[in-house]
Amino acid sequence: MEEDAFPKAYDPKGLEEKLYAFWEESTMFTAQAASDKPPYAIIMPPPNVTGILHMGHALVNTLQDVLIRYKRMSGFEVCWVPGTDHAGIATQTVVERHLYSSLGKRRVDFSREEFLEHVWQWKEKSEGVILSQLRQLGCSCDWSRLRFTMEPLANRAVKKAFKILFDKGHIYRGNYLVNWDPVLQTALADDEVEYEEKDGWLYYIRYRVVGSSEHIVVATTRPETLLGDTAIAISPDDERYSHLLGAKVHLPFVDREIPIIADMSVDPLFGTGAVKITPAHDKDDYRTGMHHNLPMINILTPTGEINENGGIFAGLSKEKARESIITALETLGLFVKKEPYKLRVGVSYRSGAVIEPYLSKQWFVSVDSFRDSLREFVASDAIKIFPPEFTKNYLTWVNNLRDWCISRQLWWGHRIPVWYHKSDAHRMLCYDGEGIPEEVAKDPESWEQDPDVLDTWFSSGLWPLTCLGWPDSECGDLEKFYPTAVLVTGHDILFFWVTRMVLLCSAMVGKKPFSDVFLHGLIFGKSYKRYNDLGEWTYITGEEKYAYDMGKALPKGVIAKWEKLSKSKGNVIDPLEMIAKYGADAVRMALCSCANRGEQIDLDYRLFEEYKNFANKIWNGARFIFSHISNLTSQDLARGIDTTLLGLEDYYILDGFNRLLKELHSAYQNYAFDKITTMAYEFFRNNFCSTYIEIIKPTLYGKQRSKEDQLTKQKLLAVLLVNILGVLHPIAPFVTETLFLKLKEVIGEIKEECSDAITAHALAMLRADSYVVAPYPQSIDIVIPEHLHESFALAERLVYTVRNIRGEMQLDSRASLEVFVICPEGVSIETYVPMVCALGGISSIENLTEEPKDRIYSLGVVEGIRLGVFVPVEHIAKEKTRLEKEKTRLENAIESASRLLSSESFRAKANPDLVCAKEEALKNNRIELQSILDKLASFS
């Protein structure tokens, strides 16, 4: 293949789509449960059907695909199950907004069935977009096993799991204080609440003691909940209030009397040492109320307004009620003061609304029975967490785990499979079959199903099982691929999802859901902001931001900061835009290269640009090789390689490749994706292209050595290319597959068997229809010459010396140099000559016994070997001028330093270390000056 017939630049447009269609149509991604290969399964963290893929999705699915492609090539029966999540709260919210903006209707304007029909339509449209985007990224999923968390199989699994836990008493229902989102009007689990620190107030309120002229002052951050107070609590050790124990205080506005009680939970140093107890609206108060059997009075509606229990304040929002109550307390002389106070406020992770502790009848999973097994799976390394520092986080969380609220007041989701008898609320039926229970069917008017749905994380917690066919009895996938190999996900959902999968899956089948968990960091983008004309910070977006990302200097007044990706901050990077601009391989490699083991991944446009250039480097490296192996055949490779014809550079690259494979295997075992990428990058770019190919170019062009040597190099290039591209394939599948298919065209059909140590495995790889199903590169079994690395290091130092002299003399990097060497007795550099000539840009190396007298040269010394670079005749005058300038500079420096060091005053006052440094610099300058003088003398 002529080099000119091969496009000079890699253009992924068009190629990627065609390649993916080829892979998918050939069913290369489809797993066989009946295979006798060892299993390797991953279940995809299902993206929500709420929109399009973001950069986090691109990251997590790239990392999984890298593992999947590596393991598939390594001989495993690979099963990567894709899927999407119904995402209860998120999807219902998005669809509600869509219906309101398009039809002007709210959810309550539809029947439940009508609304759900709209959600299903949204799901079908959105899911198709998401799956298309996963294909663009190159994800080699088994599409025949596509799952959805609301499909019939998932619904059967959810109902079965619920009933198993219900029958064992692990699921219960009761009036409990939950995290209530007044915007979405649903309960949230503890870990769905995010906490923010905000500036607030501590209010001091006076309560009058009944039948006495005394009063007690209480400090609170929420005066509006006074309407639901059922006690005042003090510490039993607080002597200030001990005489009031058992007394009652009058509660204004609602005309109730509430007791003063003693409780160990009260901190006597907080506020006045007396606190109001509102069990229905504070978690600590709830526990106190349960302990003392206090009434629990809910004062809020589901939308966060004061209800009928608030008397004259009924119908007001919380905020308005607070203002009105403070005003009314002031009028009654019951308001004392307010002080600034830092508040820790819970907000909904989904709507951003301030969470309200709210007394509500909900379903819970009791976690006490599972705590030991959750802890043991990880503590015993049955499940290994990477990075290991997250193991401590996991165990701490498990030790402090509270019962999980699993009911949600939504329409979109898995309906709770429980029916209530209308005339007897305590009469319940839990049913996991199809349709409705027989008893309900006989008397449907007397029964109603629980209107709530299950928390999305309940169905997601069963994901490893449902992806593999559970609970269906004939389930070969489950037998073959469960437990799965690894879960790859963000560290931010370790508790949301990972722990719940361990809990639910082990409770259902008695086995862990996966062996490893890799937790990647969260992606941060660089944001830039400046003050606008109004004196407000504004974020910079568009072309200006892109220019700064690419290295443009920041002007005065512009501040840069790494922050979580946010549209409002202008630092969101769209993976689909990046694929369109740079190609999928560049995006994949950029993401892998920064997938470190920390909590933060810094990502900007420069990385995509760098790896686009690297994809082009791969292309051009292969392009050069194809131009030199166009006449090579499979028969040539089958005949093997004569190792007696291998040079130092050949052993160097083969040994380097073997070392690379070993290091890559370790990196894959430890999920070190950044190392996988950078090691493959550096080996291809530096070891293979910049060093090895440069060394053998003269042989390839027929300028050095014999035709037999040339053929050996061509064979070795083909072997190395198929192997190195194979190493790169998991991280850059499109460019490597394109080149692999072209290499197969060049080599032709392989009919011959081969047992050669160097070429056999390369031929086995080339027999495959695609890298997707090709065997992974193997270590090449050759005997490495003794002292290979020491010898190669010496050759590199000789090259470095030549390059250094070239730089000193300011010779053109393309100029061919003439060099002489004088070796110590018993030392020869004959083995290194081809390498040193190729890398040093040397036309000839002459072996001498003494320095020449008739030519001008610049000399360097490497391990006793004197190496001289002859100064080209046309460069002598320029070099002499340069040396004269350097001589003058050194003489001035020596004179100045000598004068300073001869000063007794300087020596007396200066730090001894400074004096020593000045003396050392003077000594080095004198040595350098003598070298310059010697060189100038040689010009005469």
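Glycine too: its Cβ is placed from the backbone N, Cα and C atoms.
Because the structure is a prediction, the values reported are computed rather than measured.
Your range for motif ''HIGH' region', going by Swiss-Prot and the list 47-57, 751-761, 916-926, is 47-57.
Residue density at Lys567 (ATP binding site): 9 other Cβ atoms are found within 10 A of its Cβ, drawing on all protein chains shown. In the predicted model, residues of the coiled coil (873-937) average a pLDDT of 87.
DSSP assignment over the motif ''KMSKS' region' (564-568) gives 2 helix, 1 strand, 2 coil.
Long-range contacts of the motif ''KMSKS' region' (564-568) within its own chain (CB-CB distance under 8 A, at least 6 residues past either end) are made by residues 54-56, 522-525, 527, 539.
Under DSSP, residues within the motif ''HIGH' region' (47-57) fall into helix, strand and coil as 3 helix, 1 strand, 7 coil.
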